[in-house]
Amino acid sequence: MRIRRILYFYGNLPNTYTANVLRRLAFSCWHTHQLPPTISATRSCFSAMAEMQDSHNEMELYSPNPEVRGMTCLNRDAFDKTIHVPVIKIKKEIINRLMKSLKHRLIQRPSLKRVIEDPKDDVNKLVLLDPYKVKSIDSFDESDHVLFKQFDVNPQVSQYELQLTYENFKCEEILRAVLPKGQDVTSGFSRVGHIAHMNLRDHQLPYKNVIGQVILDKNPGITSVVNKTNTIDSTYRNFQMEVLAGEENMITKVKENYVTYEFDFSKVYWNPRLGTEHNRIIGFLKARDVLFDVFAGVGPFAVPAAKKNCTVYANDLNPESYKWLLHNCKLNKVEKRVQAFNTDGRDFIKTTIKKELLKYADMPSAEEKPSLHIAMNLPALAVEFLDAFKNLLEEEPCNSFILPTIHCYSFSKDDDPLQDVKARAESFLGTTLEDCSMHLVRNVAPNKEMVCISFKLPSSVLFQRLSDTGEPESKRPRTAEAFPLPHVQQSRNS
């Protein structure tokens, strides 16, 4: 259970290099059952002192006032708080030369100036120091004292009364102070262009408007915060969402793997955490290869494949996804290499894919044939569509035929998700998959994995002949009339 929680945390990190390294480490530990290593202020008064007295720990010092607990309508003024921090006086003409050397001892707070005017001194300025790194003159090391002596600085540590405001608190500090004690605090979200997409839990819903406004305030570039509701569109599998804060404009622009996409986030599916997986599949393709994308969405497989000079046949049942797929092909200047379709995935397999497979089968054997790939990225249902490939080319010869490689995605809540997905794929195909590749994509929830299974479509499935009863000839039941039972002598012990 602890490992699954770690996977859930690392699997939901944004797509950065560091996050991807952490994900790979977590997934590796999952397989070996090992845990990874623990990984506008205003001044009010100024007074001299010899040493700073020990106070609360850092979390308490930088926690907003307890009165904000349970707030359901954001009141920024309620976060004003006075704290005491150490300061030293430094002459104005040398302060810039000293700041770099003192950087590691300065106070670190959002929107807080660390050098301020001293109203009683025209010659010096006050430098705000970190109260947990500087307690007294003894907190400075030898190199600091050499520097002070060089610039004729008297490093007298004094106490300064600093008023923190809402702007000086971090997002997680505010939310931790507002939400009830002992409950999970979320400040994480998926960023989709200017939209912050959150998945709030039930106990957080009474505070959703405060959470949304804080996320909006603390993240430059975010102009809209939305929350996924529990309602799912049964036809297109889209989650409904509500706007918690900011504008209601859901048409956004994102960049993924050097490709630009535009779409209406409220009407299509887009997951910014899948960029690495999209790139992994595109890595299997080379120029002149062919990609069939059964559940194409707005084009995260189709567009980069076309940019790689592949021929692409992309389909999606959702009319909005189809519209934005066409738009993104034009936006990235690959519309001539992509044929888009707006139909059911099963129909796409039985018509378009079948037709194109036959076309490539008729290519002269002397001509270099491309590799064929079929992407099926609808994890909730894609495995169930695999039976559409059974006897797809029932009446066609299979000699010298190019067998396509299928990349099929699925969710699993099983203790062994890789084996579970493989077994279900084999069940819908009606055959065993001796040579397949299993890839753990990401942890969707503490007990839910997203898996990709890749395999060459077996010729026994693609060219399976059916009898008049609609069953494979090799699996027709042997009736007593056709095969009389031999006489078996009864054993004495029976």
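Cβ atoms here come from the backbone N, Cα and C positions, even for glycine.
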Check: Which of HIS278, HIS439 does Swiss-Prot put in the same S-adenosyl-L-methionine site as ASP316, LEU317, ASP344, GLY345, ASN377?
Finding: HIS278
Next item on the list: Work through the binding-site residues one by one (ASP316, ASP344) and point out the residue whose CB has the fewest other CB atoms within 10 angstroms.
Entry: ASP344
Notebook entry, point to check: Once the chains shown are all counted, how many other Cβ atoms turn up within 10 Å of the Cβ of ASN377 (S-adenosyl-L-methionine binding site)?
Noted result: 24
Check: If you draw a 10 Å sphere around the Cβ of LEU317 (S-adenosyl-L-methionine binding site), how many other Cβ atoms fall inside it, taking every protein chain shown into account?
Finding: 21
Check: Cβ-Cβ under 8 Å from GLY345 (S-adenosyl-L-methionine binding site), same chain, 6 or more residues apart: which ones?
Finding: VAL294, PHE295, ASN315, LEU317, MET376, LEU378, PHE385, ALA388
Next item on the list: Under 8 Å Cβ to Cβ from HIS278 (S-adenosyl-L-methionine binding site), same chain, six or more residues apart: give me those in sequence order, or none if nothing qualifies.
Entry: GLU256, ASN257, PRO300, PHE301, PRO304
